[in-house]
């Protein structure tokens, strides 16, 4: 949620920034008109209440003097009715203001490139050079099916499209990957591991910005207030929902492995094969709580934490800064890490690391008491560290051999009983 005071004080700046995020100027003008009307009514209500209190005092005096107070009583009744009507109007205007405010995206940081879509994204850096194969590299789904470690056909039979079974060494590889990621984040990067709920209420989904705007992207439990999490960002960020932290506790680092459930609404025809776009997948998530002063420093660290995993796995990747039109709803700035996928001859997203500043904290009421004793909204950050299925896909493709086998990255071998190859 945006800071309403900031909007009122910087209308033109906010309007300009929201426009870069695809928000029509009229939307903000409509909000401001409603808000101005609401505030004007509040002033009027306060004046009427003040008048009612004054009349109430007069009535008390008249009654003590045993004088007629009928006129004053009538006047107070009329004022009370006016207040009741105006209070209802205030509530109605507040509901309209809230409906608009809840759907306004976060304002982009000044360093974010301006653009309508991914074409305006800016590459920051690359790590390693993609391997040159002496043969035509196969896509990961062909490799996995040939080795008998991925079964998309039976996944579709049981659950429909975009589901699969990991089998044998495929399941073991998936497990090795996420255990390696968790160990790195806990032992090397300083995160506290959490096992969160996989079902959350609508309040939690609102807090991180999925609700109300993106309800069609998730799986909701029928006749319930619960939703299957689209990412562990939701339960991890809401851990401190409606709480006040102490500044000395910050920054706080959480990491969690969880399944993620997404309807992939609007993705028809995209990545219909393989592990890139599924309805259910594992992801290791990183979440941070920071003060305002250090949140962008923490974003750089988080991005490096994700990159460290890829580097230790020996997977070539690049980092890009997302443009204003390509960022997620709650983000003020986002870095995407994209891993090299040989069969597609391109880089594909494997992690998004975002600083949401105080946007989510305002929605979820996550605050901290600073050194002066004042209560401030915390800054929240989140990032994939990493998407596990996409990491498995990248390993299968980058480490494939001409004979159809796959070499296991050295750092994963201790997690796979010393195996060096999948054959």
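Residue numbering: from 1, along the chain as shown.
Cβ coordinates come from backbone N, Cα and C, glycine included.
Source: prediction; values computed, not measured.
As recorded in Swiss-Prot:
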BINDING   231, 232, 233, 285, 384  L-serine binding site
BINDING   262, 263, 264, 349, 350, 351, 352  ATP binding site
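Ranked by Cα separation from residue 264 (ATP binding site), the binding-site residues 231, 232, 233, 285, 384 are led by 231. Here the binding-site residues are 231, 263, 352, 384, and the one whose Cβ sees the fewest other Cβ atoms within 10 Å is 263. Take the binding-site residues 264, 285: by the count of other Cβ atoms within 10 Å of each Cβ, the lowest one is 264. Site extent for L-serine: among the recorded binding residues 231, 232, 233, 285, 384, the largest C-alpha separation is 9 Å. Rounded to a whole number, the C-alpha distance linking residue 384 (L-serine binding site) with residue 349 (ATP binding site) is 10 angstrom. The CA atom of residue 263 (ATP binding site) is located 17 Å away from the CA atom of residue 233 (L-serine binding site). With respect to their backbone Cα atoms, residue 352 (ATP binding site) and residue 285 (L-serine binding site) stand 10 Å from each other. In sequence order, 196, 256, 257, 258, 260, 283, 285, 287 constitute the residues six or more apart from residue 232 (L-serine binding site) in its chain with CB-CB distances below 8 Å. Residues 234, 236, 256, 258, 260, 283, 284, 286, 287, 382, 383 surround the recorded L-serine site, their Cβ atoms falling within 8 Å of the Cβ centroid of 231, 232, 233, 285, 384, which are themselves excluded.
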